[in-house]
Amino acid sequence: MMHAFHHLAVLLIGSLPASASTLPHPDGYRHVNGSCSKSVAVPAVWNGFGYLFNITVGTPPQELTMLSDWTWMSLFVRSGRCLNQYDPSLCLGTSGQTWFDERASTSFANTSLPQLSWPLTAFAPNFTVDYGTDDVCIGDLCSAGTVLQVSDFPYPGEGIPKVPFSGIFGMAPVTAGLNETFHPANYQAWKAGRLGSRVGWNSCAALASSDPCLGGEAKLVFGGTDSSLYDDDTLRIYEIQNPDWLSDAFYPLTPPRENYWTTPLTGSWILGTSEEESRNFAVPFSGSNGSNVTPLAVLDEGSEGLGAPLSLNAYNWLVDQVRGTLASNDTIEEIHAQGSSGFNTAEQNWYTVSCDDIDSYPELVYELNGHTNYTVPPQDYVTKLSDSSTCYLNINLWKYGRTEDGNAKVALLGLAFLKRLYVVLDFETQSFGLAPLSM
């Protein structure tokens, strides 16, 4: 997510994996056979921030590495603007940050859309963007006049850490009443008849090779899906729900936003080590009018979604089941340095467990919208520290949306949950689909 940039950059600069700077060659783009001919598949690689892939913007085209973000609202590019002026030396500093040069593009134009600013984000205070238009290409599928966000921070760029991407490819759903400032690039391309309405996604983390990801670690299909990776009969569709309370429960941006890929979380169980099943930890909470409100599950494929999601009560129950040991400060530092857990999972304890007993640990079971269960095996929520023989519980205890009695209003469905599933985001029906990956 975009609001996590600053915090993540401070922790990760200098320790990014090699894949962060190496994307498969653009020849890896390919069209996908399916119901819609207007689709293109792109490989993506993982780093400490999330999945990265390449697009081009402008005329002549400038190749930019994008951070995939299902929770952000638009296509954002780092620019040579700040303090309401164009001055790359002032606004980018000397870090070597890659960026989009609007003045090198003959097709770039400013818009009359208002400048927007978010006073409070984890990236930086007063995160400010202008809106322009330009040609955007995903592979060889291009869409002219795409509305995009252009950075215009109210301070020089020297103090902003360098990140290994030039912008954010937001893919949040466009719900009723949202204007062009909330329109992702692929949504605009669909509306213009350049792409289909769907985006397909899969990780190769649980697959035998990277071939289904075109040599990357994940694959995005803009305008369609890769039907060879799932059985359509097993695809379960969930219409999104974006109530007003979601903004504060998920991430309290100012001004608030509620347009996310969500569905009711109606069940959260832990199958105990002695075949004992826990109680249901997806507990309704009291709404503003006193009625019971069902928690929501939020899709988040980025760094903030790392780890299996649990409430505090569920986490404590799991720790008892696996006889977890409170991690030392040194181990916690190793966990953060490795980048295998969400960096906004603050205010939670970390626990180490025996690496030899993983197969005997319980499964985590999640029920979405009252009718489909999904299982996360222990191999996907127990993580080994790369430089030691230590294993730890990789649990996402999201710091927002917690209730005083240890329950949670939201659960982030990230890589631990999604790695064995095919994901379909549908901008036309405002729904998403999940199906088991064909292994």
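Each Cβ is built from the backbone N, Cα and C atoms, and glycine gets one as well.
What Swiss-Prot records for 1-20 is signal peptide, and it gives sequence analysis as the kind of evidence.
Marked as N-linked glycosylation site by Swiss-Prot: Asn33 (among others).
As annotated by Swiss-Prot, domain 'Peptidase A1' applies to 51-435, with the evidence given as sequence analysis.
The N-linked glycosylation site annotation in Swiss-Prot covers Asn54 (among others) and is backed by sequence analysis. DSSP assigns Asn54 (N-linked glycosylation site) to a strand segment in the three-state reduction.
Its Cβ taken as reference, Asp69 (active site) is surrounded by 28 other Cβ atoms within 10 Å in the chains shown. DSSP gives Asp69 (active site) a strand state. The feature active site is assigned by Swiss-Prot to Asp69 (among others), with sequence analysis given as support.
Summarising the environment of Asn110 (N-linked glycosylation site), the number of other Cβ atoms within 10 Å of its Cβ, over all protein chains shown, is 11. According to its DSSP assignment, Asn110 (N-linked glycosylation site) is in a strand. According to Swiss-Prot, the N-linked glycosylation site annotation covers Asn110 (among others).
Secondary structure at Asn126 (N-linked glycosylation site), taken from DSSP and collapsed to helix, strand or coil, is coil. Cβ contacts within 10 Å of Asn126 (N-linked glycosylation site), excluding its own Cβ and spanning all protein chains shown: 12. Residues annotated as N-linked glycosylation site in Swiss-Prot, with sequence analysis given as evidence: Asn126 (among others).
Swiss-Prot lists Asn179 (among others) with the feature N-linked glycosylation site. Annotation note: Asn179 (N-linked glycosylation site) sits in a coil segment as assigned by DSSP. With a 10 A radius on its CB, Asn179 (N-linked glycosylation site) counts 10 other CB atoms from all the protein chains.
According to Swiss-Prot, the N-linked glycosylation site annotation covers Asn289 (among others), on the basis of sequence analysis. Its own atom aside, the Cβ of Asn289 (N-linked glycosylation site) has 6 Cβ atoms within 10 angstroms in the protein chains shown.
DSSP classifies Asp300 (active site) as coil under the three-state reduction. As annotated by Swiss-Prot, active site applies to Asp300 (among others).
Summarising the annotation, Swiss-Prot assigns N-linked glycosylation site to Asn329 (among others). The C-beta environment of Asn329 (N-linked glycosylation site), restricted to residues of the same chain at least 6 apart in sequence and closer than 8 Å, is empty.
Sequence annotations record features per position, and here Swiss-Prot assigns disulfide bond to Cys355-Cys391. In the structure as shown, the Cβ atom of Cys391 (disulfide bond) sits within 10 Å of 18 other Cβ atoms.
Residue density at Asn373 (N-linked glycosylation site): 11 other Cβ atoms are found within 10 A of its Cβ, drawing on all protein chains shown. Residues or ranges marked as N-linked glycosylation site by Swiss-Prot on the basis of sequence analysis: Asn373 (among others).
Taking the C-alpha positions, the distance from Asn126 (N-linked glycosylation site) to Asn289 (N-linked glycosylation site) comes to 33 Å. Here Asp300 (active site) is compared against the recorded positions Asp69, Asn179, Cys355, Asn373, Cys391, and the shortest C-alpha distance is to Asp69. The Cβ of Cys355 (disulfide bond) lies under 8 Å from the Cβ of Val382, Lys384, Ser389, Thr390, Cys391, each of which sits 6+ residues away along the same chain. The DSSP secondary structure for Cys391 (disulfide bond) is strand. Spacing of Asn373 (N-linked glycosylation site) relative to Asn289 (N-linked glycosylation site) is 30 Å (Cα to Cα, whole number).
Nearest in space to Asn54 (N-linked glycosylation site), taking C-alpha to C-alpha distance over the recorded positions Asp69, Asn110, Asn179, Asn289, is Asp69. Separation of the C-alpha atoms of Asn179 (N-linked glycosylation site) and Asn110 (N-linked glycosylation site): 17 Å, rounded to the nearest whole number.
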